[in-house]
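Structure first, then comments.
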């Protein structure tokens, strides 16, 4: 079977008995540059490498050489720039190099395979924890849980235009006796206002460099103007 020079290293990695596999998970904050992914392990980096050749393949199966969103160095390092969710996936690198037997000068081609599972993540600069209290007739009522679920739905609908949403909603019920009102039952409801609701990516695509400022401003606006509590 003949193999083109472009895909030869990858073919060798898939079919050659001397191929060695390595895998690493990498997490990149959206709209930032990834760290350099090194097509080499620590042990190999301490050795002399003869005729190294590097081939990087992206999640879509294409050669990454010449693509605008990546930086490739002569030493096989890869940086993915302006990382987006759609760029997540497996980044594969094969390093082919030679080992020369000193006494016989016999050459053996070695192929090392490296797999980086790169994932986008988002992180809010500001996410606000909100606590509210409601009166109920009893603590052991199924309707208490249904009430909190409905409350979350209403709040999400109210703040959706700001691309924020409610997460981590929870509640506890306590019986409270006061001298004035006697015994009462109260729901203590907690939830988080997160700025990454449906549609947030569209906002950040329009102004990627100010994305954090926009999300911060929107989540503050939720608390100041929108929550009907």
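For all residues, glycine too, the Cβ spot is worked out from N, Cα and C.
Among the features that TrEMBL reports, domain 'Zona-pellucida-binding protein 1/2 N-terminal' is placed at 25-122.
Under the heading signal peptide, TrEMBL lists 1-21.
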Tally of residues which DSSP labels helix, strand or coil - the domain 'Zona-pellucida-binding protein 1/2 N-terminal' (25-122): 7 helix, 50 strand, 41 coil
Mean predicted confidence [pLDDT] for the domain 'Zona-pellucida-binding protein 1/2 N-terminal' (25-122): 90
